[in-house]
Amino acid sequence: KQTLLPLLREETSSFIFPCHPAVQRPELQHMVMELLRCIPLLLFLLFVCGLDHFIFSILSIIQHHSFVQYSYQTGHHLSVNVMGTSLMAQLLRGTIGALNTSFNTEVETSNLACLPQPTGMSRQQYLDTCLPLGALALLCLLQVYPFRLRRAIAAFYFPKREKTRVLFLYNKLLRQRKNFLHLQRGRIARLARQPPGLGTSLLQWCRRRWPWLRRFLRRSCTLCGTPETPRHRPCPDPDCGALYCEQCW
């Protein structure tokens, strides 16, 4: 709890606050990993849609440029004329005259039945195809909020385990702070032993020479890098001049 152990600025980024609406740093890494798993599905979907459009284009070109139509027309006329008025002529006209025929043939054919009949996908169909992947990516973004309920559910059913976890976390933070202070003291001591650079000395001289420039030439906390505010405290050693924020001090 805040009243038991107020978190420092460096420690806040390593915890998840359930009531905070934004995606926090520990959740961001898990969310990015889930989104990266969607990339192969996205590439596969783009490949399938591109292949579908390519095959449709090829079949459409074949349909429009391979159409062949044949037209065949023929006529047959047979007429036998028997002249004369004799009995033989009349007999021949009665028998051979039946052979007189006349017909015309007109045939039209094409290879339309053999050509492919491709049907391209509409924009709505492409959208419906990509919609499940979009929903999956949206779930990857929103799953961080249901995951925050896991600790509350576990604490409700296992209160003793929750108390053990809180004590462990409390002791872990104390150890981390102790190690952090030890490391930072060594780092600041090494920085103090180094002579100040030309730029640092020039800024300090300008701040002392023109005090009104301090609002523009603001320093930062030596420990955490927080920009200078009225609550920052300088080191009491006149030869040090280091600046610390209220929490680090």
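Placement of Cβ uses the backbone N, Cα and C atoms for every residue, glycine included.
What TrEMBL records for 1-170 is domain 'Dendritic cell-specific transmembrane protein-like'. The transmembrane segment annotation in TrEMBL covers 41-62, 126-145. According to TrEMBL, the domain 'E3 ubiquitin-protein ligase DCST1-like C-terminal' annotation covers 219-249.
Long-range neighbours of the domain 'E3 ubiquitin-protein ligase DCST1-like C-terminal' (219-249) within the same chain, counting only residues 6 or more positions beyond its ends whose Cβ lies under 8 Å from a Cβ of the stretch, are 8-10, 184, 188, 191-192, 204. For the domain 'E3 ubiquitin-protein ligase DCST1-like C-terminal' (219-249), the number of residues in each DSSP class (helix H, G, I; strand E, B; coil) is 0 helix, 6 strand, 25 coil. Within the model, the domain 'E3 ubiquitin-protein ligase DCST1-like C-terminal' (219-249) shows a mean pLDDT value of 75, rounded to a whole number.
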